[in-house]
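Asker: Can you read through this structure? Questions will come right after.
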Amino acid sequence: MAHAAQNESNSYERTHFTSELQKLQTGTEVRVAGWIEDFRDIGKLGFIILRDVTGLVQAVLVGENLQKAKSIPRQSNILLKGVLQGTKSKNFPFEIKVEEVFVFSPASLSLPVDPTGRVESNLDTRLDSRALDLRNPKISNIFIIRSNVLKLIRDFFLENKFIEVNTPKIIGSASEGGSNLFSFDYFKRKGFLAQSPQLYKEQLVLALDRVYEIAPFFRAENSHTLRHLNEFLSVDLEAAYLDYYEIMSIVEELIKKILMHLRDSNNIESENSLIRGNALNDLISNPFPKISYEKCLDELNRLGEKVTFGDDLSDSSLKKLGEKYDKFYFIVDWPLSLKPFYIHEKESHPTLSKSFDLQFGYLELVSGGTRQHDVSKLKSRLVEQGLSPESFRDHLRVFEWGMPPHSGCGLGFDRLMMVLLGLSNIREAVLYPRDTSRISP
Ligand code: AMO
């Protein structure tokens, strides 16, 4: 949004982002703010290349302004007041003839990373100086696309009658059982960080019918990999009267909507992404394959991987499968024994469950299923899994208040961003990642 400077007392007010200048006529007076990406002094003239989050502009300086510019370090934050004019530059269609230079804040002469990208730094060094790293447009673009995709997801849920909810992240007992919970002192008792909104989202369908949540969740997993974080953003959904096949359709539709948007806005860089050129159109127009867990076992055994019914699919198995199915595909009907207590058994084959994972190659993106809504079965499933129904009392009583049948899933949003942008490390998709060795900045 462009704001005209109101009066002289507000001389620091910017009038335009750099991307808005192209629609203006030469002779227009402008004030742009940002940081100095580059400075060239060619004697009587000097050039500042000024960058803001939307792009770049060249500014030409003479006389006192040029003298002043010589002493301002690169990356300093400044405002340039001037007039648009034509230029002989091959790189810019116009430039700003500078009338005044305001320095808001000089940058130190030795910076920890080079945001122009000319000097490369390793990821750890970049993450240690993330705010500066984001001045590199290749990096900020990741987070601009991330923000756009989150908006698309919210629009999609709104169109499909889902209500956005916010469940607590501080909880008093394990939400799904399991040991991967962070715990801390909560006044005179123990508190935990939620690993998933699972129990709350199920409870909420009792009245709200269809809910979704986009929120960080926490896993105290000691796995230092390229796809695990201890805090990750999850897109959770839960819907009454739908089964797991209908949830898969919703997930597929949502992902295709995102792919179409990125294709149409040229945001999926063909060189950079796992999804290239025509492959993207094929993905959008064909259904994602659905492969049963049992068929996966057959395929894996044929490929020489020894897996028997009831085994989880190891990293090496998923890598093998991912070589054959290298894009999006669902693995459906997992053994009930591998699934949490809230997943419904398949009535026709009670050792199987109404469950699915969505994979992209070897990478698991989504996990979900039809839920058990019969409270006595829920109780016996808890006992089977060595959990105490007593500690789930608050949850189980909701199932005695007229619970509709329901299904849902959780989508790992940071992993989805890896796939969409062709990033090999989940940390690239997260501003301030938390892993087993990183808790700051
Ligand atoms: P699950 O534990 O499979 O299922 O998690 C759902 C999805 O979240 C992502 N994810 C992670 N991403 C990054 N780092 C992690 N440590 C991490 N752990 C999980 C994955 C995964 O597919 N309550 C169920 C969902 C449901 O049934 O609704 C659950 O949490 O992409």
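Our numbering is plain: 1 for the first residue shown, then up by one each step along the chain.
Positions of Cβ are set from backbone N, Cα and C atoms, glycine also.
What TrEMBL records for LYS90 is site 'Important for tRNA discrimination'. Per TrEMBL, domain 'Aminoacyl-transfer RNA synthetases class-II family profile' is recorded for 143-441. What TrEMBL records for GLU176, ARG219, SER367, ARG371 is L-aspartate binding site. The region 'Aspartate' feature in TrEMBL is assigned to 198-201. What TrEMBL lists as Mg(2+) 3 binding site is GLU364. Taken from TrEMBL, the feature Mg(2+) 2 binding site covers GLU364, SER367.
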Asker: On the Cα atoms of GLU176, ARG219, SER367, ARG371, which are listed as binding L-aspartate, what is the maximum pairwise distance in Å?
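Answerer: Max span of the L-aspartate binding residues, Cα based, is 22 Å.
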Asker: List the binding-site residues ARG219, SER367, ARG371 whose Cβ sits under 6 Å from any atom of ligand 1, in sequence order.
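Answerer: Among the binding-site residues listed, those whose Cβ sits under 6 Å from ligand 1 are ARG219, SER367.
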Asker: Report the same-chain neighbours of SER367 (L-aspartate binding site): residues 6+ apart in sequence with Cβ closer than 8 Å to its Cβ, ordered by sequence.
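Answerer: Residues satisfying the criterion: SER355, PHE356, ASP357, LEU358, CYS409, GLY410.
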Asker: Summarise the region 'Aspartate' (198-201) as counts of helix, strand and coil residues per DSSP.
Answerer: 4 helix, 0 strand, 0 coil
Asker: Please name which of the recorded positions listed here, LYS90, GLU176, ARG219, ARG371, is nearest in space to GLU364 (Mg(2+) 3 binding site), Cα against Cα.
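Answerer: With Cα distances computed to GLU364 (Mg(2+) 3 binding site), the winner among LYS90, GLU176, ARG219, ARG371 is ARG219.
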Asker: If you draw a 10 Å sphere on the Cβ of GLU364 (Mg(2+) 3 binding site), how many other Cβ atoms land inside?
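Answerer: Other Cβ atoms found within 10 Å: 16.
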Asker: Tell me the Cβ contacts of GLU176 (L-aspartate binding site) under 8 Å, same chain only and six or more apart in sequence, or just say none.
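Answerer: For GLU176 (L-aspartate binding site), the qualifying residues are GLN195, SER196, GLN198, LEU199, PRO340, TYR342.
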Asker: If you count Cβ atoms within 10 Å of each one, which of the recorded positions LYS90, ARG219 comes out on top?
Answerer: ARG219
Asker: Averaged across the domain 'Aminoacyl-transfer RNA synthetases class-II family profile' (143-441), what pLDDT does the model get? Just tell me the whole number, please.
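Answerer: Residues in the domain 'Aminoacyl-transfer RNA synthetases class-II family profile' (143-441) carry a mean pLDDT of 94 in this prediction.
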Asker: Which residues of the same chain, at least 6 positions away in sequence, have a Cβ lying under 8 Å from the Cβ of ARG371 (L-aspartate binding site)?
Answerer: GLU202, TYR342, ILE343, HIS344, PRO405, HIS406, SER407, GLY408
Asker: Could you state the whole-number distance in Å separating the C-alpha atoms of ARG219 (L-aspartate binding site) and LYS90 (site 'Important for tRNA discrimination')?
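Answerer: For ARG219 (L-aspartate binding site) versus LYS90 (site 'Important for tRNA discrimination'), the Cα atoms are 52 Å apart.
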